[in-house]
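Reviewing the structure listed below.
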Amino acid sequence: MSDNQSWNSSGSEEDPETESGPPVERCGVLSKWTNYIHGWQDRWVVLKNNTLSYYKSEDETEYGCRGSICLSKAVITPHDFDECRFDISVNDSVWYLRAQDPEHRQQWVDAIEQHKTESGYGSESSLRRHGSMVSLVSGASGYSATSTSSFKKGHSLREKLAEMETFRDILCRQVDTLQKYFDVCADAVSKDELQRDKVVEDDEDDFPTTRSDGDFLHNTNGNKEKLFPHVTPKGINGIDFKGEAITFKATTAGILATLSHCIELMVKREESWQKRHDREVEKRRRVEEAYKNVMEELKKKPRFGGPDYEEGPNSLINEEEFFDAVEAALDRQDKIEEQSQSEKVRLHWPTSLPSGDTFSSVGTHRFVQKPYSRSSSMSSIDLVSASDDVHRFSSQVEEMVQNHMNYSLQDVGGDANWQLVVEEGEMKVYRREVEENGIVLDPLKATHAVKGVTGHEVCNYFWNVDVRNDWETTIENFHVVETLADNAIIVYQTHKRVWPASQRDVLYLSAIRKIPALTENDPETWIVCNFSVDHDSAPLNNRCVRAKINIAMICQTLVSPPEGDQEISRDNILCKITYVANVNPGGWAPASVLRAVAKREYPKFLKRFTSYVQEKTAGKPILF
C-alpha cells in the first residue's frame, strides 16, 4: 500500500517549470446582438475564470450579470464579411458580438481562446492534473473500487484470489523453513572449519613419514575421519524434505490452476465487455447519423433572430424564406391590431356633440363651418389661405403640389405602363415597375371613391398627427420635429420592425392645401403632400434604414343635388380619392418581397383609413 501511495504521489506532482500562468482577465464594451427588435446594443463584457459575462453597463455590474457562458466547449467563429464581428456558440446558445475595429476583435478572440485552452480542454497541464487525480483515487481505493464495480457479479474471481493468497502463505512458510535450514548449515560449516584449523596446528610438530624417494609424508589418511568426524547440524533433523517437495509442487500447481481460471474469467469478462462496447459503438453511430441529419435540416432553416438572417448584403436567407418570414410577421401584427380594435369598440362610449357651430382643428389652424344651405356655397367657409404661410420650404411645397396636380390626376392609360394589380369594388391599385441600382422604386397609384365624406375631411384626418395612431398601424412612434406653419410640419416617425427586414424611419414635411377651383364645374379639391427632407434634429442612425418618400393624397368632393328644398346630407356627397406613393425603401430587401408586400398592404391601408374616416364623421356636420 505504501508503494502505491508513493507512486501516486510522485505521479501527481507537476513540473513547476512547465506550468503556465493563469490567463489574463479582460473587460470592455462590445456590441451584442440582443434580438431582432433592438438589434445591436452596447454591453459591458467581462472575461474572467473561463467565463464570459455581460452587463447592461459598467455601472450596473454590482446588480449581477445579464448572462454568461462557460468557454470550456465554446466555439469562437470570426465572421467572414464583418471584420469587427465574432460569434461564440455553446450547444444551441449563440452570442453575436462586435468590437470597435478588427484589432480589438482579434484581441478579444485571442483572450477568449487562451481562457478556453486553460479550461481543461486542450491544456497539457490540465491533462496532467486530471491524470493525477485519477491515479490518486485509484490508488486510494485499491481493490475496494474493483470489488464494488467490475467484480460485483464475479464472486468466483474473488474466491480464486483468496486461494492464491493461501498458496502464497504456504510458499512463504516453505521458504522460511528452507532459509532456517540453510542458516543452520552455514553455521555448522563455519564451526567445522575452525575446529579443523586448530587440529592441524597441533599436529604440525609430529614427525613426518619417510618415503622411499626421500620425501616426507604426513600420515593423515588413516586419521582423517578420526580427526574430522562428519558434523550434522543440530535442530534440523525434523525437516521432511520429501514432504516439502511434494507440498511445493502441489502449491505451484494450485497457483497455476488458479491463474488459469482467473485468466478464463477475465477472457469471458472481456468478451462480455466487448459485446457491450460494440453495442454502444453502434448506438453512437446511429445517434451521430441522426444528429448529422438534424443539423443538415437546421442549416436549411434560418435561425430566427440571428443577424446573419436579417436583411443585408450578405444575408443567408433566400427570397422565399424572406417573404414567408415577412408575411408571418405581418399576419401577427394584423391579429394584434384586430384584438386592439375589438377592445376599443367594447370600451367605446358615444359622446354628445355640442349644438351650434362646429369647429374642426387642423393642427393649430381653425375652420369655422356654418350649416350649409342652398344659398350658401363651398366658398363660404372661412379659411386662411395656405398661400399666406411662408417658410423656408415654401418653394419646395409649391413645386411638389403643382407636380402632383399636373401628373398624379392623369389617366393611367397611354404610355405610362401602369399595371392594375388590385381591384376591389371602387378601389383600383396600379403600379409601374422601376428599379434603380437594384432597389425597387415602383411608383404606386390608387383610386377610390368613398360615400358620405368630403375631401376636406379625408385630408384632415390624413394630415392631423393627433389622430395618426387611431388609423395607422405600422408606426412604432413619431413626433413633430418642427412646425413650419399652420398647415406645414416636419415629422419624424419610425415604423414597426417586420423581421427579417430592417427597421425603417422617415423624416418628411407634411403640408395640407385646398386647391382653388378654376371653374364653377370643377370639384372642390384638397391635397396632403408628404415628401422627405433633412433636419438637424433627426440625423441618420444605425438602428434604422432611412426611407425616402413622396406621397400625395388628393381628394375631390362631388355633390349630387338633393331632392326639393332638402339640405345636403352625407348621402349626397362622394369623395374621389387619388393616392400616389413614390417610396425608396433603401436597404437590401428583395424586389419580389417588396412588390408582394406593397400589393398586400396598400389596399388594406386605403380600406382601413377610409373606413375610419366614415366612422368618425358619421352623425357629424359635414365639413366642406
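In case you wondered, yes, glycine gets a Cβ from its N, Cα and C as well.
Annotated in Swiss-Prot:
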BINDING   Glu472, Gln493, Asn530, Tyr579  N-acylsphing-4-enine binding site
COILED    263-303  coiled coil
COMPBIAS  1-11  compositional bias 'Polar residues'
DOMAIN    23-117  domain 'PH'
DOMAIN    389-618  domain 'START'
MOD_RES   Tyr372  phosphotyrosine
REGION    1-24  region 'Disordered'
REGION    202-221  region 'Disordered'
MOTIF     321-327  motif 'FFAT'
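Mean pLDDT across the motif 'FFAT' (321-327) comes to 74 in this model.
Under the three-state DSSP scheme, Glu472 (N-acylsphing-4-enine binding site) falls in the coil class. For Asn530 (N-acylsphing-4-enine binding site), the same-chain residues 6+ apart in sequence whose C-beta sits under 8 angstroms from its C-beta are Tyr508, Leu509, Ser510, Ala511, Ile549, Asn550, Ile551, Ala552. In this structure, the binding-site residues Glu472, Tyr579 were compared by how many other Cβ atoms lie within 10 Å of their Cβ, and the smallest count belongs to Glu472. Listed in sequence order, Ile475, Glu476, Asn477, Phe478, His479, Asp505, Val506 are the same-chain residues six or more apart from Gln493 (N-acylsphing-4-enine binding site) with CB atoms under 8 A from its CB.
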